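Notes follow the structure.
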Amino acid sequence: MASAHLVGLNQAQLRAVEHPPHIPLQILAGPGSGKTKVLTSRIVHLVTRHAVSPSSICAVTFTNKAAMEMRTRLGKMLTKEQVRQIKMGTFHALCAQFLRKYATLVGIGGNFTVCDADESKKIIGKMLKESDLKEFLKSCSITLSEGTAMSRISQSKAKGLTPHDLLDTWHSTSHTAPRKGKSKEKGPSLLTYEHLNAELGTCNTKQIIDYVAANLFAQYERTLRDNNSLDFDDLLVYGVKLFGENPKVGTWCEHVLVDEFQDTNSVQYELMRGLAASSRCVTIVGDPDQSIYGWRSAEVENLAKMRRDFATTQQIMLEDNYRSTGSILAVSLAIVAQDKARIKKTLNATHPQGPKPTLHCFPSDQAEASAVAHEVKRLVAHMGGVLSFDDVGILLRYNSLSRVFESAFRKEGVPTRILGGQRFFERVEVKDLLAYLQLVDNPAYLPAFGRVVNVPARGLGQKSIQELLVVAGKKGMSPLEVAERIYEGRMPDIKPPVKRKIGDFILSLKVLRKLASEGAGPASLIRRLLELVQYETYLQKTQEDWESRWENVKELINFASEMEDDLGVRSFDIESPDLDKGEDDWVDNGEDEYDEEELDDLGFAEVKTRPEESAPAKTEPETPLRAFLQASMLSTDTGQTDEKDKPKVTITTCHAAKGLEWPVVFIPVVEEGVFPSARAEDKEEERRLLYVACTRAQGLLYLTHASSRMMNGEKVFKKLSEFVSVITGPSEVRRASLALFSESPPEMTYGQCRTLASVLHRTAVDSEQRTKDVAELCVLVVVTTYGG
């Protein structure tokens, strides 16, 4: 009779679990292939069949959640004491545990404090504010944020680099010789700021930032040591040092198991080697096809390194998929198989073939988002209680793409959640720009003034701003009015430096206010605002993820341009083209005309008023800017504060979706410049990202794209992603792709609904519920389309 931990395993899983402990093993586990089950069963097998002591096993996971899940599963097959003895956790947690015990061996105090990310940024921030460094950066017209500097340091540590390494690289690339008389034993060969200033003629901005980052790295490390503290990266760096320089420390370890091995970086790989130095017994689980974190220093090449360093390593592939239908797996494999350098492996469906994934092109981004929202409602209605909104995932390449989908779902009354990010109108850069426009429309609005009076940084300290607010309160004026009087020299009691620092802020608002009074549309105002305050440069200098933030800025311009089209507003700087408002191919939603109730739902209330209903002449007129601000503010009010337990559609990125699954998955904007990203350095990683996104789907998969979409306020014609268009050859793409895709969504017949229910292991469709839900949906479609 088979042991409990072996019951239900397929042949490949069984071979992996029973693999001899002394032969290093790579388990290449495709998505949905039961890797966690295999990993926990192998641990049980080591303990029960090979008499490996639980205290001699080290199991490494990438998240605390994964470690907790593994402990829970092990608790059902081993005793409580056996599970307790297994050394299990993340790389960071395990290193912290051993460094506490053997701190003196690596020259640190056992009572060291772990410095979290926030504290690390504060240390960097303090260094950046030091007078000499601050003056040097100012002389170079460079702003360096704590986040950018910290990211540089973290990436360096992940690659095992020291400040010395970075400075040596800097000297070679900038062709500047290190100072003489500085040995590596005494400290890094740092140039003085005076010397660097003398060399500015030969150094570009990147070289200057590289130098400053390396210098900060060295100072940061000294500060941590002086305070007997380690940051998260140090836990790994010192862990490698501990096991590398003291082999006896790892002799307790008879077997190392590592999950998500394709996501390990160089330092984590060296940790694994150090732990396994004595026993040479290693089991890793990974999937090179799901390696999507190269930008985070993960190295898929670690699989090859392991085969080189552990020469007897064998591979077992888990290729039976227990998550998705056959048709979803066929599309997913067709995408990833284009990488000719990948390890050849497949995915075998254990579920029925199911409906073909839908591949559909829409005339515009708005039509795409609207159709997706309609289709979600249709699916839930036709499934007769089997599906809810919780079962739907919208997976985007970038967070910035969420705005049009948030809007479409809001219009349809479908609740959403943003996983791993903020809603569009809650993002910092979006709120900054809206605050400027709020001041143009309403100069007395204090929250907007407080938000942007020093954004971008103008050298106004909190003390100066507070003084300005006090004066405003005493004189019964708005802070902006006081600021304008200061600039005009009508506030002699205010210090002269304040007048100088606030000048560009006042001038920018005056220019924008004049344009607005002349009827400029919101998109034109945003473009002019960006020029006036040099917002892109500000993001580049202060934000590590400035490119993503700039995408959000461009999406705000798209939103403003769409409103200009709806309101018939003329554009001042760039002529905004009309959107192609072709009929939705799935649902005739009559988007060209709205009744008043629909306008109110969209946040466009009272924009299109009838002559007989116009407000009295003395009422403040509804300007294009005001309509735009109203729509923006209403978009931030999701109306879901009291709906915490209600099912919600998940909107997230493809990266954040890794490790998750949904019965229904939509992947919108599958277009060139998005898949692959226009700024991606590794095209094959982008292909793998689309593969990961597709394999999150259990029963239904939709890939959508648009023939044109708004980009930076202009209509741009788009092409289907090459990852999809070349599946069956570059010519006659539309006809050829139908072998794997359907142009139309599934009909959701009773048969298809029953198949989906069986894939999800859910009870059969409730025919009465289905009839009721479909009837209600049909009524809603008629009302929405024809106004009831």
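Any Cβ shown, glycine's included, is placed from N, Cα and C.
Automatic prediction, not curation, is the source of TrEMBL annotations.
The ATP binding site annotation in TrEMBL covers A29, G30, P31, G32, S33, G34, K35, T36. Residues or ranges marked as compositional bias 'Acidic residues' in TrEMBL: 575-598. The domain 'UvrD-like helicase ATP-binding' annotation in TrEMBL covers 8-325. Per TrEMBL, the feature domain 'UvrD-like helicase C-terminal' maps to 326-659. Here TrEMBL flags 573-598 as region 'Disordered'.
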Extra residues within 8 Å (Cβ to Cβ centroid of A29, G30, P31, G32, S33, G34, K35, T36), ATP: V38, D287, L318, N321, Y322
Residues near T36 (ATP binding site) in space but at least six apart in sequence (CB under 8 A): A66, E69, M70, R73, D259
Number of other Cβ atoms within 10 Å of the Cβ of K35 (ATP binding site) across all protein chains: 21
Mean of pLDDT values spanning the domain 'UvrD-like helicase C-terminal' (326-659): 79
Helix, strand or coil at S33 (ATP binding site) [DSSP, three-state]: coil
